[in-house]
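What follows is a single structure, written as structure tokens, with notes after it.
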Amino acid sequence: MVPINPKQCAKIPLMFNKNIFLLLLGQALSGSVVSLLTFSSALAGQWLLGHTTLATLPVTTTLIGAFVAVCFSASIFQKYGRKRAFLGASLLGVVGASLGIVALLDQSFMLFCLATFLLGFFIALNQFYRFLAIEAIDTTWQNNGATALVVSGGILGGILGPHLGNVGVSLFSVPFVGSFGFVGLLCMLHMALSFLLRLRPFSVKESPKVPLKTLLKEPHFLLATCACGLGFGLMTLVMHATPLAMHAHGLSYVQSKSVLAALSKSLSPIRLVVLGLCCYVWASVIALCSVSLLAFWLCLVLVGVGWALSFNGGTFMLNAMQSEHKLRLQGFNSLCVFGGNVLASASVGLILAYGSWAVLHGICLGVVVLFWGLSMHLKHAKNSAL
């Protein structure tokens, strides 16, 4: 009998692994909330305020909430376990969605920002599925496949979220109430899903305390973190600005939704960060050349591909690291990703109000050049150390 190479059928067990399947669904549900909020929050803020200057503040408060959650993620996971942490975050998501509905009914912008802040604790979970994926399997050669499969749950989330946001915007007499009703429903479904997860407990062994400066010297960690942060930060900057920019150029709400939904179909977990950077450059060049519906669509498709390449590439590098400080490294990586998101989302309204769509993409090009320079510097420093 010819021996079977287990690597040849590595992908088969992944599709039928219960934990991987549940993590895939969890990523899809949390991704749906992320994309729904990305699509709806800025437009709801504009509806509440009547102008765009602070329209993206609710998005920023969501990311600040996620930032706070990530800051304490390692200690929370260690003390309460990941399953309880997921259940608690889902409950906060339901509370945040309920407050969002109340805020829209009362037309209270500040209460709406508080609601989106609480929702940030839920979407923080979206960052950790990529790390749990490799702990749900027993074979190391499947690590990248498991990570890519779980992260690809965001494809479903990217399709479902904007669609629910579009359906919910006019479901009731008050705009966006239906959208946040769907957010609450998604959080409740996620809570039910979390009960079924069977995650391996953390080891109680304490790793020695080391300063952050030492952690940053872990091989490939800085480059991996920058790739993840850049991938998500630039996507946040462009995606949050696009619905507002499309409205400014006379395109409809439904057309905005169709572009964001089409974006997610292009996402694929490929590990080439450099190609992802090229996609961002091409997206910015197209955006600078035209403001037609086709140009917006192509821009977001390329942004989606750029995100998939850079974010997955950085995650693969991070998961390949063998370190006793893994929890701290994962937490710091997610912290940097959300930090970039907070900065990007906070800048969108100001850039569009006092600059333009072209200025925003000029900034994107500048950030890509800076990252390219940093990666070359790190590569040179590594070669010099050999």
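FYI, residue positions are counted from 1 along the chain as it appears here.
Glycine is no exception: its Cβ is also placed from the backbone N, Cα and C atoms.
Feature annotation from TrEMBL assigns transmembrane segment to 54-77 (among others). Sequence-distant contacts of the transmembrane segment (54-77) (same chain, at least 6 residues past either end, Cβ-Cβ under 8 Å): 37-38, 41-46, 85, 89, 112-114, 116-121, 123-124, 127-128, 202, 236, 240, 244, 327-328, 330-331, 334-335, 338-339, 341-342, 345-346, 348-349.
Residues or ranges marked as transmembrane segment by TrEMBL: 84-103 (among others). Note on the transmembrane segment (84-103): residues 26, 33, 69, 73, 76-77, 109, 111-112, 114-125, 177, 180-181, 183-184, 186-188, 190-191, 194-195, 197 of its chain, located 6 or more positions outside it, place their CB under 8 angstroms from a CB of the stretch.
Positions annotated as transmembrane segment by TrEMBL: 109-132 (among others). Sequence-remote contacts of a segment are chain residues at least 6 beyond its ends whose Cβ falls under 8 Å from one of its Cβ atoms, and for the transmembrane segment (109-132) they are 23, 26-27, 30-31, 33-34, 37, 41, 44-45, 48-49, 57-59, 61-70, 73, 82, 86, 89-90, 92-93, 95-100, 102-103, 147, 150-151, 153-154, 180, 183, 187, 190, 199, 315, 319, 330, 334, 337-338.
According to TrEMBL, the feature transmembrane segment maps to 144-164 (among others).
Feature annotation from TrEMBL assigns transmembrane segment to 176-199 (among others). Counting same-chain residues at least six beyond the ends of the transmembrane segment (176-199), those with a Cβ under 8 angstroms from any Cβ of the stretch are 18-19, 22-23, 25-26, 29-30, 32-33, 36-37, 40, 43-44, 47, 81-83, 86-87, 90-91, 93-94, 96-98, 100-101, 104-105, 115, 119, 122, 125, 132, 135-136, 164-165, 167-170.
Annotated transmembrane segment per TrEMBL: 220-238 (among others), in sequence order.
Among the features that TrEMBL reports, transmembrane segment is placed at 270-288 (among others).
What TrEMBL lists as transmembrane segment is 294-320 (among others).
What TrEMBL records for 358-378 (among others) is transmembrane segment.
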